[in-house]
Amino acid sequence: MHIHSDLSLPQFEHASIDPPSYSPQKSSFEEKKHNFSITNKSLETLRSQESPCSTTFPVSDRKDALLNIPTVVDDEFQHTEELAGVSSWSDFFYLFHFSDIPLIFGTLIFTCLSAALEPLMTWTTGKVFDALSQYATSQITLGKMISLINFNSLLITIFGLASCVFSFGVRFLWQYLSAIAGKRARSLCFHVLSSKSSTFYSLTESKSGLVNSVDRCIQFYEKSISLPMFHIAENLAISLSCLIISFRYSWSLTLVVLASYPIIILVVGFINSFLSSAYEKDRKSSEKAASILEKSISAIQTVIFHSMQDTEYRYFADACSTSSKSFLRFSFLDAFQGGVSQFFLYSVFFQGLWFGNHLATTKRVNVGQVVTVFGSCLSVASSLQQILPAIPDLIKGKFSSHFIKTLCESHDPIEAAKRSAAKIKSISFERGFRFDNVSFAYPSRDENLFSLINVSVFIPFGELVHIIGPSGSGKSTFISLLLRYFSPTYGNIYLDDFPLEEIDEHVLGSTITLVCQQPVIFDMTIRENIIMRNENASESDFEEVCRLALVDEFALTFDQSYDTPCKEASLSGGQQQRIALARALLRDTEILILDEPTSALDPITKNLVMDAIRAHRKGKTTLVITHDMSQINNDELVLVIDKGHLIQRCARKELVLFEDFENNVSIDEKVLKEEADNPFILPNEESLLEKYWINYNESFSQLSRESLFTSLESPFTDIESPTIVSRRKIVEQRKLRMEKESFQETNVDQTFHLFDDKEHACSLTLIFKSIWKVKKLRWFFLLGLLTSLIQGASVPIFAYVISKCLNLFMQIDPSIGVAFWSSMVLVVAAGSGASYFFSHYIFSISAKIWCDHYRLLAVKVLFTQDQAWFDQIENYPLVLSKILVNNISDMRNMISSLIEEVFIAFTMAIIGIAWSFATGWRLAAVLVAVSPILCLTSRMFSYIYVSTERMCQDVVISTTSILHKTIVNLDTIKGYSVLSFFRENHKNSLRKSWEAFKRRAFWTSLGFAINNSLLYFVRALLFYCSSIFISKEFYTVEQMVQVLSLATFTLLMASTCIMSLPNVSASRIATSRVLKLSSLKPGNLHKSGYLKFPLVGKIEFDGVSFAYPDSERNHLALNNVSLSIEAREKVAIVGISGSGKSTLVELLRKTYPSEDIYIDGYPLTNIDTNWLLKKVAIVDQKPHLLGSTILESLLYGVDRDINSVMDALDKTYMTEVIQNLPNGLDTPLLEFSKNFSGGQIQRLAFARALLRNPRLLILDECTSALDSKSSLLLEKTIQNLSCTVLIITHQPSLMKLADRIIVMDSGIVKESGSFDELMNRHTHFWKLIHRGEWIE
C-alpha cells in the first residue's frame, strides 16, 4: 500500500530544494487554511503565499522574532552597543512587585534612620570643636568645656547604641531585598527558559552558555542590591542629612563649598555612557568561555584521546582574553571617573576656606558653625567617595537586570501562537493522527534545506508503527513535529481530527511519552528515575515495569536494590535504556514514541523488551523509530522515510517484497535463517519455542514473577535434554553487575561542596604569596601598592591640612595663612585624584594578570587530570565553569578593589596613628589600646561572612545545576512530561537557597552592626579622653584639634575596612577555589610511559582484574581476564549490557591504570601514552564532535589534506550529505551536533577515526544509530581495513564480520571462537545471539 507523496522529485537530494515556480490550486487553498505542495516550482512564489495560520512563520523571520537577546557570532558581538544603550534604570526594579512597596519603604526608612546618625555625629563633633574653640579664646571655663565635651560624648554613645539597631535593620533589609530579587529572578528565568520552544534553542548558539550567562547576570543583580544599592542609598541619605544640617547653619557657605558638585555629576554621567558596552562585551565573552570549558570538560575523554588539550586551552584562553580586555576598558573608565570625581570632591574646600574665612572675619558665622559646615560637607564628600566604588557594580546590576528582562520578555511567536490556539482540553483517541502535506525546514539551517517534504499520512490509534529510513532521512523530525517541539513550515498535523496546535499543552503532554535514543538518567535513585511524576503508582505496577524492561536483572543485585543512587556515568548504555523504558511503560500514555529504544541492548534483552512492549502496549499507539528490521513483525505497519519524503506506508510483509529493502535491511533475518541450517540446533527447537510462546490475547499484566524466556539454560545442560530456565534463576546465577557501579549518594537537588566543612577560604597571606609567584605581576602590583600608598597618605595629609584650616578660625586674625593652606587643599586634591586613577587602574591590570594566570593554569591542569578525578561529583562541568568563569569577577575584586581599599585604609590608619603619636601620644595610645577589640570583632565578622557566603554559593550552584540539566535535556524532559517534576525540584532548591540567604543576612547584619557601633563608642571615648588630657594640660587646644582630626579620619578608614569585609569574604572563597584547582597535581596517565616502537597491534590481557575507583568494595568490573588479539585481527567483544566490554576499551586507552596488559609484548603502563593514542582510533557509541565546523571536527587532532578528508567521507558514505549542506565542510557545527542525526554523527566520528590512520581501531557500538543500509556499507569499510580492529557490538552482522568473537559475562571471558564455531547450543554465545522470548 502506497501513499503518494510526489515521488517524481528524485533531484531533491537530502531535502535540498532548488526552487522553480509554484501555483497552488485554488480549491485546495480555500478548503484548508494551510495546505501547500512543494514541487519543482518556485519556492520564492511559495514563500510569498504565506498562510494566515498562526503557527506558521517564514523561516527567515524566526531568528529575529525569537532571539532578541545578544549573541556571539564568529567572535563578533552583535547588537551589543544597541542593547546596552537601551537599558534603563526602570529595568532595575523589574523583579519587584507592587506588594513590595511597604518592604522597600521600610528599608528606606531604616536607611534614613541609620544615615541620620552620621550628620548627628557631625553635629556633636561640631559642638566639641566649638567648645574647644570657646575655651581657647577664653569664652568658657575649663569645667564648662569638660561638661560640654562629656555631654556630647554621651550623645555619641547613645548614637552608637542606636547604630547597632539601625545598622542591623538596614543591612538585613537590603540583603533581604537582594534575596527576594535573586529568588524571583531564578524562578522566573527557569520558568521562561523551560517554556521556550525548541525553535528558540535551535537558534541559540549554546544552551550551556545561555544558562551561564543567566546565572552570571542574576549574581550581578543580587550583588548590586545587597551592597552597592545599600551603600548608595545610605550614603545619599547621609549626604542629604548633612546638607540639611549644613544649610541650617550657613546656606551661603554650603552653596559655595558645593559649587563644583554639578561638575562631578556631569563627569560621572558622561563616562557611564561608555561603561555599558564594555560590560556587555565582558558578559558575552564570559558566556562563550563558559560554553567552551563546559563542552571540553563534558567531552574530556575525546579531548585527551585526540591530544587536543592545548587547542581547547587556546580556545578558552582567547575567550578569556576578550573578556579581560573588556574588563580593562571598563576599569580604565571607572578609574578615570573616580579620579576626576575625587579631585572635585576634595577641591571644594578651596573656595570654602576663602569664603568661610570671609564670613568668620565679618562675624557672620562662628567657629562652631564653620566646623559644622565643613564637617558636614566633608561627610558629603566622604559619602560620595564611598559611592564611587559602588557605581561599577550598580551599573553591572542595571545591565544584568536589563538582560533578565529582555530574556523573560523576549517574544516567542511559536509559543505565543501555541498558547493562543490551544483550546482543546480532551481527546477521545477514536481515530488517529494525520500529517497533511507537511513540509519542514529547521530555522537554524539553510532555508532551502527541508527535512520533510509534502508528508501526508494517516496513522490510526491503537497500532504499533515502525518508522524506518536512512540516517538523516527525517525520521526524528517527523517525531519532533508530532511532539510539537517545532511547528510545520507548511502544512498541518491533526490529532483525532483536531489541529495539533489547538490542543492544550498539558493534554498533549499527558498523552505522549518519548524515549530517546540517548536516554537521560538523572542523579537520583533507580526507583525515583522510574517513578518520576508517577508517585501514585502501586508497588506491583512498579515491579512489573521493571520486570518488563529487565531493570530488575541488574537492580536486584545491589545492596539497596531499586533505592540505589545512580548517575548517568555509572550505567552502561543498555542499562540506561532499560530504565528509560521502564519509566515510559509506567506512565503508559495513549501514545508512546520510541527512538531506537533497544540500540544499546544485547539480542536477548532486545527481543524480550520489544516483545514486552508489544504485549504491554496492546490497544495503544506506539511509534518506534528503528533500523533493526528483525524487530518488526510481518503484520506490523511500517513508514519508510527517505530524503524527507514518505516513500511507503505498508505492512512489513509487503515491504520485504521490494528488492532494495530486502537487500539492505534484512541482514539480521538472514543471520537467524542461517541458524536453522546449523547442525548444532535441534530440529524440534522451534516447536519447543512455540509451545511456550506467550498468548498475546491474554493480558500481559498476568505474567507472573516467575515468567521465563527461552533457550537460556545452563551451559552445562545436556544437549539431549533441553530445558527452559527461569529468568530469575539466570539473574541469580549471573549476579549481573554494572561495568561502572560508581553510584553516588546524591539527588537532583543536591548541593555541591567544593570544600568540605573543615576547609576554609585561603588566608590573605596565601593570596599574597600567589600574587608574588607571578613574575609578570610583581611590578604592576608593587606599582599599584606605591600609588595606593600615595592615595592612602593623601587622606591623613588632607586631614592635617583641614585641621590647619580649622585652626585658622581660632586665631585672632583668621585671614593669616589662608592663601597657603587653601592652595595646599588644591595640591592634595590633585594628588589624591591622580593617585586614585593610577592606583585603581594599575590594580585592575594586576587583577587581570593574576586571574588570567591562575584560571588558565587551572584549566591547563584540568586537562591533565585522570578520568577518576572527573568522575567525582564535585567536578561536574557546570561547577568548574562557574568557578573559573562566573566567579572570576569576585577574584578580580580581590586585587582591583579590595586589596586596594584595604591597603589604602591600612596606610591611612598607620599614618594617622603615627602622626597622632608624633603630635600627642596619649590620645593615640588610647586608640591603639582599643584596636585589638576592633580587630577581634572584625575577625569574627569575617569568619561569619566566609562560612555563610560559602553556604550560599553552594546552594546557588545546586540551583543552577538543576536549571542547567533541565535546559540541556529540555526536549527529553518534555517528552516524558516530567517538566513539573524539575520545576518542583528547582522550587525546593530555591527554598534551600532562600533559607541560606536569610541566615547569611541575619548573622552578617548582626556582625556588621556590632562592628559599626564600636566605632561610635571609640569616638566617644576619644572625645572624653581629650577633655581629660586638656584639663591636665597634656595637650594644647591646637594639638588636640589636630590629633582628633587624625584619629577621626583613622576611624573613618577602619569603617571602610569593615564595609569591605563582605566583598573580601566572597572574593576569598572564589580565589581559594581557583587557586585550589590551579594547584592540582597533574594526572599520572597522560604523561606516563616512555616506550615507542613500531606498533603492529597485538594485544594481550594476562589475568587482568579491575574495579573502578568509586565502585562498591570487592566489585570487579573485570575478573581475571586473559585474552589475546593478534595483529591485524578483527575481534568482536560481545556480551550482555554491563558485562565488562567497555571496561576493556577504557583500560586500553589508558583511561584508568591497570597492570598485566601488553601491546606487541610491551607492558601498557610503560608505553608512552601520547604516542600510543596517536596510533589508536575509537568510535564511541555516543561520539563527541568537537570543533566549530565540520572540517575542524574531522581534523580534530590530526593534520591531513582535503583529499584525505574526502576519502574518509567517501568510505563512511557521508560525501553526499556534506555536499548538500549550504557551506559544505565549512558548515558550523552546532552545540551537541544537533544539526546532524545520530547516525550521521556516528559516521562523521568514523571518518574522523579513519583520518588518524590507526594501527588499532576500536569500535564501540559504532553502528547502533545507523540504518541497515548505512550499517552494511560501513561494514564493507571495516572489512577492508588492514589494522587491528576491536569491535564491541550487539549486532550479529558485525559479529560475523569478525575473525574471532570473545564472549564476556560479569567481567569474565566465557569463551572465544569464530561465529560459526560458537553457534551451537552448548555455548554461551548461542544463548546470547538467539532470540529470547517471553513464555508462561
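Keep in mind that glycine also has a Cβ here, set from the backbone N, Cα and C atoms.
According to Swiss-Prot, the domain 'ABC transmembrane type-1 1' annotation covers 104-396, on the basis of sequence analysis. Summarising the annotation, Swiss-Prot assigns domain 'ABC transporter 1' to 433-668 and lists sequence analysis as the type of evidence. Residues annotated as N-linked glycosylation site in Swiss-Prot, with sequence analysis given as evidence: N437, N454, N536, N664, N697, N1011, N1063, N1120, N1235, N1280. As annotated by Swiss-Prot, topological domain 'Cytoplasmic' applies to 1-91, 175-250, 800-897. Under the heading topological domain 'Extracellular', Swiss-Prot lists 113-153, 272-778, 919-1336, citing sequence analysis as support. Residues annotated as transmembrane segment in Swiss-Prot: 92-112, 154-174, 251-271, 779-799, 898-918.
Swiss-Prot feature annotations superimposed on the structure.
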| residue | record | DSSP (3 states) |
| --- | --- | --- |
| N437 | N-linked glycosylation site | strand |
| N454 | N-linked glycosylation site | strand |
| N536 | N-linked glycosylation site | coil |
| N1011 | N-linked glycosylation site | helix |
| N1120 | N-linked glycosylation site | strand |
| N1235 | N-linked glycosylation site | coil |
| N1280 | N-linked glycosylation site | coil |
Spatial neighbours of N437 (N-linked glycosylation site) among the glycosylation sites N454, N1011, N1120, N1280, using Cα within 10 Å, are N454
Under 8 Å Cβ-Cβ from the transmembrane segment (779-799), and at least six residues away from its ends along the same chain, one finds 346, 771-772, 825, 828-829, 831-832, 835-836, 838-839, 842-843, 845-846, 849, 895, 900, 903-908, 911-912, 915, 1045-1046, 1048-1050, 1053
Of the glycosylation sites N454, N536, N1011, N1120, N1280, the one whose Cα sits nearest to the Cα of N1235 (N-linked glycosylation site) is N454
Here the glycosylation sites are N454, N536, N1011, N1280, and the Cα closest to that of N1120 (N-linked glycosylation site) is found at N1280
With the cut-off at Cβ under 8 Å and a gap of six or more residues from its ends, the chain residues touching the transmembrane segment (92-112) are 166, 169-170, 173-174, 176-177, 180-181, 184-185, 188, 221, 224, 230, 233-234, 237, 241, 397-398, 401, 404-405
One should report the C-alpha separation between N454 (N-linked glycosylation site) and N1280 (N-linked glycosylation site), rounded to whole angstrom, as 40
As a whole number of Å, the Cα atom of N536 (N-linked glycosylation site) is distant from the Cα atom of N1280 (N-linked glycosylation site) by 55
By a 10 Å Cβ neighbour count, the lowest-scoring of the glycosylation sites N1011, N1280 is N1280
Sparsest Cβ environment (other Cβ within 10 Å) among glycosylation sites N437, N536, N1120, N1235 belongs to N536
Beyond a gap of at least 6 residues from its ends, the CB atoms lying under 8 Å from the topological domain 'Extracellular' (113-153) belong to 159, 162-163, 166-167, 169-170, 234-238, 240-242, 244-245, 366-369, 371-372, 375-376, 379, 383, 806, 809-810, 1016, 1019-1021, 1023-1024, 1026-1028, 1030-1031, 1037-1038, 1040-1041, 1044, 1048
CA pair N1280 (N-linked glycosylation site) / N1011 (N-linked glycosylation site), Å rounded to integer, equals 79
Taking all protein chains shown into account, the Cβ-based neighbour count within 10 Å for N454 (N-linked glycosylation site) is 24
Across the domain 'ABC transporter 1' (433-668), the model's average pLDDT, rounded to a whole number, is 79
DSSP composition of the topological domain 'Cytoplasmic' (800-897), residue counts helix/strand/coil, works out to 81 helix, 0 strand, 17 coil
